[in-house]
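Following: one structure in structure tokens, then a few remarks.
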Amino acid sequence: AIYYSSIIFITVRLNVVFTCLPFTVCSVQKRSRKIPWYTINLDSAPHKRWNQLISDKKVEVTNLIQAIKNLANDFFPSGKLIELVDKHLNAVTAFLNIVSLFKVMHIAGEVMFFNVFYEIFTVCTSLVAEDTTGKLYHARNLDFGLFLGWDIKKHSWEIPEYLRPLTVNLDFQRNNKTIFKSTNFAGYVGMLTGMRPGIFTLTMNERFNIDGGYIGIIEWILGKRDGFWMSFLTRSVLENATSYAQAKDQLTNTKMLAPAYFILGGNRSGEGCVITRSRKACLDVWELDLKHGSWYVLETNYDRWKDPLFLDNRRTPAMKCLNETTQKKISLPAIYDVLSTKPVLNKLTTYTTLMEVSSGTFEAYLRDCPDPCIPW
Ligand SMILES: *[C@@H]1O[C@H](CO)[C@@H](O)[C@H](O)[C@H]1NC(C)=O
Ligand SMILES: *[C@@H]1O[C@H](CO)[C@@H](O)[C@H](O)[C@H]1NC(C)=O
Ligand SMILES: *[C@@H]1O[C@H](CO)[C@@H](O)[C@H](O)[C@H]1NC(C)=O
Ligand SMILES: *[C@@H]1O[C@H](CO)[C@@H](O)[C@H](O)[C@H]1NC(C)=O
């Protein structure tokens, strides 16, 4: 199923011809549509801490799961895929400690299906930048749902439409004190975007890799469980790492189920990097290098030593706009503008999160991309 998906992924991209790619006009945008906050109490039992959120978003989560199932059944009309996933993934649900949570919703097995989806269909842009006073900014666009049902009438992808109402900011607390914050989708238990205020900021981007990309996930489903889900590693780091160095160490050295990029920012000048991971090894750590003029690092979904796929170049326009902004003028609003520039902003973009570690600023905004806008 998953390989089938990657083939479609490539063909869809190659089949669409763009006439408007080569030029980038850096955008200026007003920030609006803030995302609501929920507090998650880490002192209460795992199956209780999500109650409020899930009861508020129950209808939306159920709608999304139904939409995903319909899409899966379009690819595999027999319904066999869902059956297989239900059968094998009960174990996963138990492992994730969310059984009781989803029993409330009567959807245990399906939920896992939906959690796996996030690990596979996410494309994003993330960056860490340092201003001339040494302040560190970290921001990301989350683009989700590639090729999952293009709605010709509405000119939009089906899945992001379902995800926008599920997008929430979470404040994870112990003893009534914030441990970390994250932008999340209700019902998803991994972390793609988060910050430990005052300490570090972290985002994860998917890394497509033909050899070994999804083998780990398939092995995991079939029972060989010695690696970490990528967005579980980020969650564990956000919850338990207490410094930039410790976070970096865990992100570079933990065995995972699939390749990924981790974008990590610390709280001191020069602490910012993109970690390129294969399942078992760290392939590259690209760090800020202020002495040599590198005041930002930026990652989309391609290795930095390779060219991006020519039909999906979000890297060059984002860098061009950062270069035009200059280090002197960099700020969260300026970064928001960079992330609002098409095609960095596209039809898949669900949210933009802006973080500033030292002040603890954490803001997220729902996005959509008015026409004319490219599908990814
Ligand atoms: C947290 O705050 C609530 C009320 O704001 C209080 O009832 C509770 O005892 C506090 N918990 C801890 C662990 O301090
Ligand atoms: C963080 O550490 C605590 C204590 O070691 C552990 O119980 C918890 O599961 C860890 N959290 C994650 C998300 O790994
Ligand atoms: C930066 O992080 C370190 C832990 O790596 C912490 O000890 C220190 O207090 C933090 N600095 C600030 C200014 O918050
Ligand atoms: C941005 O600036 C850097 C450093 O000067 C340069 O290496 C890079 O090619 C520039 N990128 C774009 C897209 O302008």
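Yeah, the Cβs are placed from backbone N, Cα and C, and that goes for glycine too.
Note that the structure is predicted; figures quoted are calculated from it, not measured.
Database features, via TrEMBL:
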DOMAIN    34-92  domain 'Acid ceramidase N-terminal'
ACT_SITE  Cys124  active site, nucleophile
DOMAIN    124-306  domain 'Choloylglycine hydrolase/NAAA C-terminal'
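Around the residue listed as 'active site, nucleophile', taking its Cβ as the centre, 24 other Cβ atoms fall within 10 Å, counting all chains. DSSP assigns the residue listed as 'active site, nucleophile' to a strand.
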